[in-house]
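Heads up, the thing below is written out as structure tokens.
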């Protein structure tokens, strides 16, 4: 079955997918296997190996193996199936999922906007709906807390960014551990192959994966679902074979009693080993994050009726094999494969690792794009890799950065056990962030009773804290990697957000007053030249300081002036009919307008987007529908037509883009830490990141930059 581009586009660009036919749901469910479940399905490659990598030993009674499988089964059932499939997938934001979707819901319902240019008119967007106005005592109390303590809003943002940074850490560790685990199976057939060659092969595959990203996944995505399907069917069939051949009694380990027996007999070592068990649910967060690419029902169908049983059978079969082959624990996955099908399964495993890596890389591009929309990451070039499928993007800087980090981890560690320890900490951290945000969503958005909310957070939170504590114990053995990565990204995000916020505050404090503009008269104190001048700023009201700086140094300006503010709003997408908000600046004879251009946090301006024509059309429509005096209706209509003609003639004369090239500097009275953050770190990022003109796709032939210094 081939993937249908029209269905994928529908899955990505439309939020109301509940009316899909049964055939369409099944088609989307099949497609999701190659996009969502690549990471989750490759976990059997390293779960048992990592779990038994410490001091946990095997005894003849097999109580440890039965206990570990019991933990895997119930963790998979409670966290992946009950929490994510049955509960978390319901917390969508207009069909979109992920950490930012939860945060967006909270911001809208609790009015926690951290965007400095938020306007009341944004709340009238069709996707901004906040449901019924009714409040419960709990939801009102939480909202009141955030209103009375503004710093708590910043803390919530930092908490969300923490989860985001850990997710980025996942994107470094997933390709590394998946590819290296898959390739290491070759040593079983070629025992004399040196470990260095295995690492080199893994590095070559990783370089190949990142090198083809610029071409877009849509060119090869049609084979992703068949690969994942073949992989899941292979490992589940082998699992059934091993269960029947080696130890059918493993079925009894489905009882939770074996978890208790395991912890009782192994003690501290058993608790420490749980950091390996949690790797069985790596990738469950992807189900929620990629919700906007498919439908909630299709993801639930794919997981509940195919992915879940296939993986449980695979883990069961490997446990049955291990119960009779204690000495093969460090190569249990490949040792459990029957000899006649070893090489076919090895090849499929390698391709499955590539598919799993591709899924998290694409998800990282989406995460970084959303961070940029919230002013929480330096400007990067975002490229659409498909003209048909919305949401498939490529970010060159992030791609090569991830490749370098993956290669560094692969070459530096060379040990999938240490990688597993690092991976576990990243996974449990993201899950805990989701649980905490879901608790707030259940209180503020869903308005659930306090007993329901407490039951959710206590039950799932305690399970995840158990695994988290186990992973924290292994920080010296590889767990430091995601901590280092997340702290680095957190510092970058926070400093960038701090710097841009301070620059906006400077803009607000130093904007040019309308009295000054009006005092200049109709000519605005200068020669008006043909054409349209687009003055970009972050202000939604007032005249930006960059304009005052410009008119002070240049005695000419365009006949039509448009102050353009491109901003993000706390919804995933903004419809084209709602994108432009046009208003006048000053009297009509001045020919000055303001255009607020709104994008959702998942919207990305396309390279071929005809911005000029759409903007001019929006201005003309505004002029035509602008209310006038009834007694002068005829003359008003004539003046409107004349003004529209002037605007169109100005467009034909040419459009110039005026952007401020700003330099932020800390005030002399600032602390040493602030000077370091602003004058050194923020300045370095501003200098080396993409320019505003690149991000906004401004044509270089029409660009005019005005230098300004911001003292923050």
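Glycine too: its Cβ is placed from the backbone N, Cα and C atoms.
As recorded in Swiss-Prot, the features of this protein are as follows:
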| type | residues | note |
| --- | --- | --- |
| TOPO_DOM | 1-19 | topological domain 'Cytoplasmic' |
| TRANSMEM | 20-40 | transmembrane segment |
| TOPO_DOM | 41-67 | topological domain 'Extracellular' |
| TRANSMEM | 68-88 | transmembrane segment |
| TOPO_DOM | 89-154 | topological domain 'Cytoplasmic' |
| TRANSMEM | 155-175 | transmembrane segment |
| TRANSMEM | 190-210 | transmembrane segment |
| TOPO_DOM | 211-219 | topological domain 'Cytoplasmic' |
| TRANSMEM | 220-240 | transmembrane segment |
| TOPO_DOM | 241-267 | topological domain 'Extracellular' |
| TRANSMEM | 268-288 | transmembrane segment |
| TOPO_DOM | 289-300 | topological domain 'Cytoplasmic' |
| TRANSMEM | 301-321 | transmembrane segment |
| TOPO_DOM | 322-340 | topological domain 'Extracellular' |
| TRANSMEM | 341-361 | transmembrane segment |
| TOPO_DOM | 362-392 | topological domain 'Cytoplasmic' |
| TRANSMEM | 393-413 | transmembrane segment |
| TOPO_DOM | 414-424 | topological domain 'Extracellular' |
| TRANSMEM | 425-445 | transmembrane segment |
| TOPO_DOM | 446-449 | topological domain 'Cytoplasmic' |
| TRANSMEM | 450-470 | transmembrane segment |
| TOPO_DOM | 471-474 | topological domain 'Extracellular' |
| TRANSMEM | 475-495 | transmembrane segment |
| TOPO_DOM | 496-712 | topological domain 'Cytoplasmic' |
Proximity of the transmembrane segment (20-40) to the transmembrane segment (268-288), 3+ C-beta pairs under 8 angstroms: yes
Same-chain residue ranges lying at least 6 outside the transmembrane segment (425-445) that approach it to Cβ under 8 Å: 79, 83, 87-88, 91, 99, 102-103, 105-106, 109-110, 131, 136, 138-139, 142-143, 159-160, 162-163, 166-167, 169-170, 173, 275, 278-279, 281-282, 284-285, 288, 452-453, 456-457, 460-461, 464-465, 467-468, 471-472, 474-475, 479, 482-483, 486
For the transmembrane segment (341-361), distant same-chain residues with Cβ under 8 A (at least six beyond the ends): 34-36, 38-42, 45, 170-171, 174-175, 178-179, 181-183, 185-186, 188-189, 205-206, 209-210, 213, 217, 224, 227-228, 230-231, 234-235, 238, 283, 286, 290, 334, 399, 402
Stretch in 190-210, 268-288, 301-321, 475-495 most in contact with the transmembrane segment (393-413), if contact is a CB pair under 8 A: 190-210
Stretch of maximal Cβ-Cβ contact with the transmembrane segment (268-288) [cut-off: under 8 Å; candidates 155-175, 220-240, 450-470, 475-495]: 450-470
Arithmetic mean of per-residue pLDDT over the topological domain 'Cytoplasmic' (89-154): 83
Leading contact stretch, 220-240, 301-321, 450-470, 475-495 vs the transmembrane segment (155-175) - CB distance under 8 Å: 475-495
Closest-packing stretch to the transmembrane segment (68-88), where packing means Cβ pairs under 8 Å, from 301-321, 450-470, 475-495: 301-321
The transmembrane segment (220-240) in contact with the transmembrane segment (301-321), cutoff 8 A, at least 3 CB pairs, sep 6+: yes
DSSP helix/strand/coil residue counts for the topological domain 'Extracellular' (414-424): 9 helix, 0 strand, 2 coil
